[in-house]
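If you look up TrEMBL, you'll see 157-183 marked as compositional bias 'Low complexity'. Positions annotated as region 'Disordered' by TrEMBL: 152-183. Annotation comment: TrEMBL describes 20-42, 54-75, 87-108, 128-149, 189-216, 228-249, 269-287 as transmembrane segment.
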Amino acid sequence: MNQNYSGDTCQAYVEGSSTSYGYVPSFAAGVAFVALFGLSMVVHTTQMALLRCWWCVVFAIGSLVEILGWGARIWSNKCPYAQTPYLMQITTLIIAPTFFTAGIYILLGRLIRICGPQSSVLSPRLYLWIFCTCDIISLVVQAAGGGMASSGGGGQSSSPSSSSSASSVSTRAQTSSSSSSNQTTGTHIMVGGIIFQLISITVFVGFAGDFLWRVLKRSKSVVPKSGTMLALFAATAFSVLLIYIRSIYRTIELMDGWTSSTMQNESLLIALDGAMMVPAVIIYNLFHPGWMLAKIERNGGSFPSSIPLLSEQELTERCQQHWEPNKRIGI
């Protein structure tokens with residue numbers, strides 16, 4: 001008789017009976033990532049409280065969402081046919097990086113506030129509105145698509161059998177058709193959300209690059225270019241690069257389809273998702289924005305909007321213009 005391992009049935013893996021993943025998730029990988037993200041979450045929460053940098057909670061929340069995703073994969077290792085952990089890991093691992101990008105967007109706004117509005121084409125508040133709104137849209141779209149795709153896709157695995165009734169075959173065919181339709185629609189929605197996130201990150205990188213160029217070309221007497229600020233820039237660039245690589249992988253994975261070799265290759269998921277996101281968030285434990293922004297402000301202070309940001313050449317020209325008239329009258 002045909003066995004259908006669906007719902008939350010905790011059935012150990014049966015040789016020859018495929019799972020929704022196309023494999024049994026690695027227990028070791030799940031434990032390792034839960035431990036790493038758990039450590040980062042605890043440290044971020046502690047740092048946030050000690051430094052009173054409350055907006056940094058997004059890094060702790062993102063780590064928690066990653067923990068839920070990898071924890072669900074540990075669950076799936078024991079119950080590979082259960083639907084709840086399968087749905088959980090799809091949705092949570094897809095949306096988790098949006099919390100990290102939200103923190104990065106807020107961070108750039110804080111840096112602009114320190115260096116002065118002339119260091120950017122957009123105001124700090126406008127950065128927050130534009131990119132955090134894009135992040136929320138991306139989060140909602142990916143979550144909705146992930147929920148639809150996972151509920152329509154997995155857990156329909158069955159073991160080989162010798163016979164089944166005609167009515168059960170017909171019922172399963174109708175259910176399979178409906179599930180396949182939901183899965184396809186959900187996948188398209190998810191891909192759209194990830195591509196939208198990629199576009200948002202790309203635009204953000206352009207603005208961030210412009211900000212960095214403006215800051216680095218200014219005189220140190222006008223804009224503080226301390227090692228602390230440059231280290232924070234480097235940490236942010238590193239984190240953005242890893243998130244970008246992960247998003248490209250996820251886009252290709254989903255576009256290839258749920259039964260593709262890309263989707264059913266756990267090694268790729270570990271290398272291009274988990275292994276990308278761990279350093280992307282831990283880097284901010286090492287270079288915490290709350291501590292580093294405070295240090296930058298102590299070193300250079302904030303610059304009011306009334307003070308123009310002049311290059312060294314502009315400062316020299318103005319000094320010469322002031323010096324020449326005074327020289328002629330003997331001052």
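Cβ coordinates are placed from backbone N, Cα and C, and glycine is handled just like the others.
Predicted automatically and left uncurated, TrEMBL annotations should be read as such.
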Outside the transmembrane segment (269-287), six or more residues from its ends: residues with CB under 8 Å to it: 26, 29, 33, 36-37, 40, 43-44, 47, 56, 59, 62-63, 66, 70, 93, 96-97, 100, 103, 231-232, 235, 238-239, 242-243, 245-246, 249-250, 253
Folded-back contacts onto the transmembrane segment (54-75), same chain, C-beta under 8 angstroms, at least six residues removed: 25-27, 29-31, 33-34, 37-38, 40-41, 44-45, 47-48, 82, 84-86, 88-89, 91-93, 95-100, 102-103, 106, 274, 277, 281, 284, 288-290
Spatial neighbours of the transmembrane segment (228-249) far in sequence, C-beta under 8 Å, 6+ residues away: 97, 100-101, 104, 107-108, 111, 194, 197-198, 201, 204-205, 208, 212, 215, 268, 272-273, 276-277, 279-281, 283-284, 286-287, 289, 292-293, 295-296, 299
Best-contacting stretch, by C-beta pairs under 8 Å, relative to the transmembrane segment (128-149) and drawn from 20-42, 87-108, 189-216: 189-216
Long-range environment of the transmembrane segment (20-42) - Cβ separation under 8 angstroms, sequence gap at least 6: 13, 59-60, 63-64, 66-67, 70-71, 73-74, 76-78, 80-81, 83, 86, 89, 153-157, 259, 263-264, 266, 270, 274, 277-278, 281-282, 285
